[in-house]
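Below: the structure, in structure tokens.
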Amino acid sequence: MVSTATQIAGFNFDNCLMNAAGVYCMSKEELLEIETSAAGSFVTKTGTLEAREGNPEPRYAPTPLGSINSMGLPNMGYDYYLDVVLDLEKEENSKNHFISVVGLSPEDTHTILKTLHSSAYQGLVELNLSCPNVPGKPQIAYDFETTEQLLTEIFSYYTKPLGVKLPPYFDIVHFDQAAAIFNKFPLAFVNSVNSIGNGLVIDDETVIIKPKNGFGGIGGDYIKPTALANVHAFYQRLNPSIQIIGTGGVKSGRDAFEHILCGASMVQIGTALQEEGPEIFTRITEELKQIMVEKGYQRLDDFRGKLHYLD
């Protein structure tokens, strides 16, 4: 029997597919749609210390090869999502989940994580080091010194399972430098990649989103080769204890298969989920299973990370 089950940091998931933070996860109602779908888990909207309205609309637009967005981290506040997940996990058949958070300052980050650490929540937390769409706030994970300092401070008190969501890296040296930092810490996972920041899409003579004069994060088909490269580069470099979540350009079973082949333990879906809705998890799961049957694979471990190279 072919299985797409997986695990991260000892947490079991019946399916390796889930949403990406930012898509179908703003409200309790949306999270419940993912919970009752074929997805193996959900991750909440990235929660900040206080609720945020985000950037002015229009701030998201589909494009022929994906999407562009400059959402600006709209969310209900991290405490809202903590309450939703704690209530949900009281249910007998609850799945395991991820809570996504970000601080708009180091102080905010520590306040959020210290609250999560002292809470009843025992599950996985995804710390976003990679949002490209908050005006005046750089992507932390591109500053290696700041990243190392922040993680050093966090792991001085945080002992629950924690992973980080990363921006795309494009230089081999940066893969080496980033991995060397991450390997110093007891991270449960890294999530590669967030959208490619500061793309520009034009319709006739006008940009198609309002914030930042049209600049926004690019997702969908555009970013799959970059996402696969990041997944595989970190799979080659990170300690085996640090697992990888692959995100970027997944709209078919073949796309999910390629992420796992590059080393991903779970696969998140963003743009395609936004366009197709939660039923996408059923379709992509069946497509992935069909590929596994055709290739004679029973479990994800049969091919995870086993990308072939040319002689």
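Note that Cβ sites are derived from N, Cα and C of the backbone, with glycine treated the same way.
In Swiss-Prot, the FMN site is described by K45, T46, K165, V193, G220, G248, G249, G270, T271, and among N93, N96, N128 the residue recorded at this site is N128.
Counted over all residue pairs in K45, T46, N128, K165, V193, G220, G248, G249, G270, T271, the record's binders of FMN, the longest Cα to Cα distance measures 20 angstrom. Under the DSSP three-state reduction, N128 (FMN binding site) is assigned to strand. In the three-state DSSP assignment, the secondary structure recorded for K45 (FMN binding site) is coil. The secondary structure of V193 (FMN binding site), as reduced to three states from DSSP, is coil rather than helix or strand. Annotation: no binding-site residues among K45, N128, V193, G270 have CA atoms within 10 angstroms of the CA of G72 (substrate binding site).
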